[in-house]
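Worksheet: one structure, shown below.
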Amino acid sequence: MAHQAHAYHMVDPSPWPLTGAVAALLLTSGTAIWMHFNSMSLMSLGMILLLLTIYQWWRDIIREGTFQGHHTPPVQKGLRYGMILFITSEVFFFLGFFWAFYHSSLAPTPELGGCWPPTGITTLDPFEVPLLNTAVLLASGVTVTWAHHSIMEGQRKQAIQSLTLTILLGFYFTFLQGMEYYEAPFTIADGVYGSTFFVATGFHGLHVIIGSSFLAVCLLRQVQFHFTSKHHFGFEAAAWYWHFVDVVWLFLYISIYWWGS
Amino acid sequence: MSHEEKLKNYRTAPFDARFPNTNQTRNCYQNYLDYHRCNKALTAKDKDPAPCEWYHRVYKSLCPIAWVQKWDDQLEAGTFPGKI
């Protein structure tokens, strides 16, 4: 019987990259169709296909790593590089929106009244809900670190408790931010202030939801004994992503909520 | 130089070191604002608004007419976004 003479993972053929690509095409063209021709069919189809791809691709990776042993140390190193590179690309994504914000706010045009915040905009008080949101995310950074140490020390119950608490804090942030969006005295259509505010904080909120989902999957896996004290990269990746989301919020808070008020 | 002499010798807006670059938008806007702020401040104290005429000359030299018309309309309608 032939065995591989190396520690790397030669992945079996899989349909999920193709379904993912098709989903991306349907989502993008579908969104354009929705905006111009009032039909959500293509976009919905793309969304369903994307969710199916996500579920099955990552389920397969868990099977390959946790159940079949393919994630040897060099393979895990590659996964680490991958996650770091991905998060770096997300940093650049947000950098663009910060660039847009500073471009408009550092030299406000006469149309805005030559001032920032622009004339007519009542900003949110940075020391009310936004400050609470900052505390919530910072606390969640502490609880996710507690969860990590619990996993490394083989403390199953504490790992489950701290991970659950982290996810709850994430939900609390999303809930509070949702309320703020509902109650805000300005909308996305209110000039460049509204645009920069809601696009930057909106994408951040989306990343909070993604990060919370990632952590929730880790919780499910922890309950099902997938993680060992020495090997739990899925959790580490989720924790890195969560810290990244927290740091983005800190920059948003300082720049848009505080300085920008 | 008194302001009458300054105005008599006026040809066009002189170099203003506060606005050294090619884009002179802020120069126009600032002088427009300063003219109206000067008028408001001096008439509030019952003083002669003659010194304000300098800003008037500068913004008339620098600003596109369409901008001045738009801002004047906004002032009249009470929708001018700048702080006067």
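Every residue, even glycine, has its Cβ placed from backbone N, Cα and C.
Given the structure is predicted, the values throughout are model-derived calculations rather than measurements.
Annotated domain 'Heme-copper oxidase subunit III family profile' per TrEMBL: A:4-261, in sequence order. Residues annotated as transmembrane segment in TrEMBL: A:16-34, A:40-58, A:79-102, A:129-147, A:159-177, A:197-220, A:240-260.
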Review point. So which of A:129-147, A:159-177, A:240-260 has the most C-beta pairs under 8 Å when paired with the transmembrane segment (A:79-102)?
Key: A:240-260
Practice item. State the residues, same chain only, that lie 6 or more residues beyond the ends of the transmembrane segment (A:40-58) and have a CB under 8 A from a CB inside it; answer 'none' if no residue qualifies. Key: 14, 16-17, 19-20, 22-31, 33-34, 217
Exercise for review: Quickly jot the same-chain residues contacting the transmembrane segment (A:129-147) by Cβ under 8 Å, restricted to those at least six beyond its ends, or write none.
Suggested key: 158-159, 162-163, 165-166, 169-170, 172-173, 176-177, 179-180, 215, 235, 239, 242-243, 245-246, 249-250, 253, 257
**Study point:** Tertiary contacts of the transmembrane segment (A:16-34), as residues 6+ beyond its ends and Cβ separation under 8 Å
**Key:** 40-47, 49-50, 52-53, 56-57, 60
